[in-house]
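These notes are about the structure you will find just below.
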């Protein structure tokens, strides 16, 4: 069973962050590939904290797998476990999931494994299949037995029913039936396979370590094992890697790519490289843009730790206002106090953050945060800052108002819970009770990620559905459940 | 048994940090005092990560205790455990201990408890008793049975043998026999007691939350429970707190205080207040002093996370050189990979830190760190920075060279392992292989903590033995074991 | 993972017993049906000690399941677990498995669950499918994905592919494809289902507790919950039980029944009723027959605990030789000493059994045991008895020589490991080094179970393949793997 | 913390048995002495199921200890734990404790350890000190700090305060202050020590295994390691065992011995030898005496498993009435179902025992049990037997009425809870609702243990206080708490 109260920022903040739902990693070559996968998943832990899994194949011992709730470092670090995962091919997955979601079960933890007539295969999927409900119904009607509640399991059943003779070909068959966002790392007894959907919504990169090949959601996980970053898997590309090298295929009809712009804003680690750009530098540049677009006279630029830090550094630099750590984070958080007394429960965000009162007192403070989702945390932080004696509080947000849910592998509250879905910027300011609240513009954000001319309205360079409501892939299952698209304008 | 490989910074860095050995916390008043203690200890976790303990007293259920290896948040958060610790008086302790120390055992975890003829008492001790070996021998000769290998257990046995009729008076008796550094939080069935040694080497503060009273190593632990910081317990003061209020006693002969200056540099949390000064602001000011004392022409000021950050902010501000996060810390560290393969073990510091290559490349980088102990970590970080393509690397250290071990409650390597014990600043620079290495001066450090005129050589305002070799209390047990004091000059 | 060294008799005796592989139990009616199933499985623990599982259905919370390695009493006794299994329909399974079998995994633990288009179903299977390999290959070719290495999983996949509109009908479809031995307890959201194969090789009984209905492998598990024993499910019968009562179906072509005679000898609990006969009484009667068929002059009749006890009582009564406990069993066994030193490992059977030296010394001892499989334990026990000073040792065995493996749900060594496969009775006597060794005759055994005229050679009333080599269902998968049937005579 | 509901017979039977409170074992010689101790404690598990502890000494690693709740086989079987207990001298202890006793804590688990000026010592104590409260008060007044609530801890503190120069001499000093029953196994760095109190109330035996020496509560624990039984330690004797052999001392004033007669009836294992007699044979002989003293016409002699079995065999043999297993015990008991629903809780004794209905039905049944304490279990068993259709139920009890509590190391209910304290034999028969109820006479019991002339009233050969109320050592602490001795007659 999952931890009762997973506690990273969300537990004290009522889920007031968007969350990447998965990270994937795979290695072919080293005799103990699973150890490398464990390290890679550790570096990708920010993409999924709830659970992790590894599948490895050894010529003598066949396929072995281990799936666990909790952090990679707490599970996949025990020699007794890692010894059960020998062999030169291994893939892994980390996963996030809403704490309260009914039925969270170890059988939902990837990678998923299937035995076919030509041998076994395992897949790890980052993203979300937008026609999964439909596919699931069809597969069950035809006699497939599902083991999990995960949308990703459809892929392995589609592969099982393909008439193709080899596994990569079955995977192509299967993925052509699938809609939505997918960056997949898969394996057979002898092959490591990577695929990105035609839009390339979620990231996937290729690395090399001596004779070994690596696939990873982000480059920061190449760094941890000392692998060299070669290139991104391209949108719509499938790579099939064996001892003989990397073969590239193009199973899908080409389309203009729509990478997720929120990976730049928040999801990816600042030390990763995306689209040839340092994530840290992009975020710092967002701060610079923010300082230009919505300046304000103040005494201190203070990040909301830790995600607001690079933008705050950029804002301070551009504005000339001193940068300071007005909020200190307790580095020993992780899991919250379980079933505390009422009195202690009310202490809330203090468990994780403390105000640096001596720095804040009497000052006009600019708080730089990455996003506003429900606004609940922003209010608590504002209260702490004012309690500590700040003269003014100005929020500057490193992304446009988040007004639409994501259906491509990000955990978002339903639309009605998003503050920006029903309030204007001024209404939000009043709701939060701050002296000012300003967001970067969508064009400003595009400039910060390197699109000097801003967003092309007729053909946006990124998926920005969470800000714009323009969904590059129709969220078919959600529409069937009653979700209403933005009215055409 | 203790965790096999405790992993905060040390495990990847060969123990290359000094470590505060303990934090103490106590509450009197609330019906579930132990819950408040758990929160306080969580906020003091940086003072001791290996183990923690809580003792509570309830009029009906008497004394109960729980002692556990591991983080406070992983143990003292379970309702099933906390329910066993009812009552309105409780104290707690967190403890650090060198990983490999033989015989680390749960019986060494404080608080210690003793049943006397007038009732029970528990004590939690931060500091170190410099004549503990001598006292222990004497007590064993007279029939005392020790349960732990801890120096602190002497205090409870001395109390047991006192002829005084009440527990605070027995505690005065006992502490007059004790030499060294001690900040103690103790309790009886109805009293919460706090004491600081005459020099006041380690911190201890008094707080108030409505009708409840709180004692804590640092003010940051008052903040977490919403308590008001009233004042520091004074050097040589004992406070005895009951439902009727706080009584102050002076059991010792007065001496000029010698607070530990390293609490300002590294041990205390930046959001704590010490001696009326914000620790964050003091560290930022150290950076300012550093920039004035040992400037260097460069492109980027980069902190070694996380302890170097405030000084780096100060250095950047004073020097005008841009501040940037050139090193990114994996926030999911905690415990290391246990028994990894050789290949993975060599990946070392990458498990915890990653270089932000895009920011570093081609730049002349100033790295600001809090201290240099063995120098092993500094070398690894330098390697990472150069591998990432830095043009120059300049270390600026926020404390003077650490050349002497501490015997007052800080875990220090033996003198021969301290880089500064045998090398000059230039030799250290060559050993580390950096372009320059400069430390703040002892006078500069005194200025940064508010002593505008610097250190008074004949009567230093702080204990700075780790820098100066001038020990305010003779380390008697250590001398008996062969330690040689600095030759008189 | 499974316990490293499961230790009931086998671990000290080199697997020198045949083992029933499963017990099944199901209840419909009570709001906490799973609690009743836990009790029932506890009473059936002798049919499978390695692992257990329960599936329950609640109208609001749907299907829930829990599967665990270890004893029922150690897992399915925790309120925290049982609370996750609410609802008025539940089934369960206990399972035995050879300790060293590669890949023993929690996913092999039954009940198995499948979601069909008309809703979910779970099945628990006692027995063995003799054409499982063939079915599995066929199902994988057609796109089914297997989650376990169990033969029983075929049934749920065959059900998933049936075109029938309701689950009992799909189950009939599936079971008509299946060969071998099966006593199955299954459930849907509203139904409890029981089936026995046409030969009725393994037992299954129907009970009633007030308004509730119960299915169980043995009657002893009805007793534990206070349910009334109604009748056996008949060979070839399927019962479908709902709130409205019990419906009986006959899905298979009728055949003469062949119930497993070894259930009488060893597998079933002595307090169960089989075929209208008390198992205890049958075993006592076997002892009586033994005393008549193969008498010997001696001073003491001593059971090999615990399974030889009833036959020893019968032997003593019939022969007039005193009955005594010459071998004492340590009641605190359960799991063995893991990874002991070599010296201790050699102490072997002493961990579990001790000779009552004072009783044995100087006596001519008749040891009554239920069976001889490999003979390894019999030799050790003989050594112990002789070491204790017995004058003579005579083995009397309550079953005929076990010369053939069972393929119908019993764990047997391969034929070459069975002592009786290659040795005559005299050779076995010499191998064991005892004064005499005699087995009951096959006709004697038939008389003891109530067949006054003995075994009908042309149409045996029971399955006695382990003694006779006459297999009532062709072991097709095993023949494909090279097993040779007894030559026709 | 202890298991919530320890479950051997007591949990279903409301504590309706007397319980030996401890078993002790020690070895000197083998390099892994602790492994031998673990085996010995496993064989003594019937003397204490709640917890166990082992202390070992290794010349290089010094003293190490491990104390655990639960069975020996579940704790002291793990290589990872046993590796922490190296060295050629080791002692161990198993302990029983009433489930609900407040404050059951690991610190109460023996052996106890003390560091003295001449080195450390550990002791394991079977028995009870009748002046422990008094000694404890005196020791606390003089400055000793107790770590446990155990009476046995007094001994180690008395040793710490002795002025003697070596540990055996300090032990003599200490034990001369102690009143009550004690069989002690102790160790220093180089010595194994055994002592029995002057009355020899509890057993202690000496064994030899090659060059190694062994001390054990019972001979059955010598058998498990293959050691030879040499002799009993005599009442009032102390043996000090080193590499050079066994030295015998006599520290106490000689008194006529008073061994506990209940060890013969119930506490000891049937395969142990006490006072030169087989316990099994003694119990069988009790059955013979019972059949002579209180015969009854019936169809079946049936033991209450497992402790009534030998007496039932003797009764059946002497009376000529057939012996049969009318009650079958579930061999997989151990721990009970925790927090079951009300309905299931009421199933009570069925969890552990089941009636062999087919054997019982219509018969006049003699039930042979070892003792009647509260009578609660006897009533339940009678109900089960009658429900199964028995024609008559006759209880025959293998000990006289238990009318007085034991204060010498046996867990007994307070006197008011003992059925025989307030009822005559006829009243008990009516209370239990059986056709007849008869106990063996005290003289009959003495005859069965070999005293042909019965009990000598002026100088009883055994301690039989639980039957007679004649306490050989004044229970001083209990009298201080209000216990009233039997009025002199």
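Here the Cβ of each residue, glycine as well, is placed from N, Cα and C on the backbone.
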Per TrEMBL, D:406, D:463, D:466 bind [4Fe-4S] cluster; matching candidate in D:260, D:302:
D:260
D:369, D:370 show up in TrEMBL as binding Mg(2+); which entry in D:307, D:422, D:424 does that record put in the same site?
D:307
Neighbouring C-beta atoms (10 Å sphere around the C-beta of residue D:260 ([4Fe-4S] cluster binding site))
27
Near the Mg(2+) site, what residues other than D:307, D:369, D:370 in the same chain have a C-beta no further than 8 Å from the centroid of the listed C-beta atoms?
D:266, D:303, D:304, D:308, D:311, D:368, D:371, D:397, D:398
Can you give me the residues near the recorded [4Fe-4S] cluster site, meaning same chain, not D:260, D:406, D:463, D:466 themselves, Cβ no more than 8 Å from the center of the site's Cβ atoms?
D:201, D:261, D:262, D:408, D:410, D:464, D:465
Same chain, 6+ residues apart, C-beta under 8 Å of the C-beta of residue D:406 ([4Fe-4S] cluster binding site), given in sequence order
D:18, D:262, D:412, D:465, D:466
Local confidence of the domain 'Glutamine amidotransferase type-2' (D:22-244) - pLDDT mean:
93
Looking at the recorded positions listed here (D:22, D:260, D:463), whose Cα lies nearest to that of residue D:370 (Mg(2+) binding site)?
D:260
Smallest Cα-Cα separation from residue D:260 ([4Fe-4S] cluster binding site) among the recorded positions D:22, D:307, D:369 is shown by D:22
Any idea what DSSP makes of residue D:406 ([4Fe-4S] cluster binding site), helix, strand or coil?
coil
Residue pair residue D:463 ([4Fe-4S] cluster binding site), residue D:22 (active site, nucleophile) - Cα distance, angstrom, rounded
18
The number of other Cβ atoms within 10 Å of the Cβ of residue D:22 (active site, nucleophile), counted over all protein chains shown, is 25
Close in space, distant in sequence - residue D:369 (Mg(2+) binding site), Cβ under 8 Å, 6 or more apart:
D:303, D:304, D:307, D:308, D:378, D:395, D:396, D:397, D:398
Which secondary structure state does DSSP assign to residue D:466 ([4Fe-4S] cluster binding site), in the simple three-class scheme?
helix
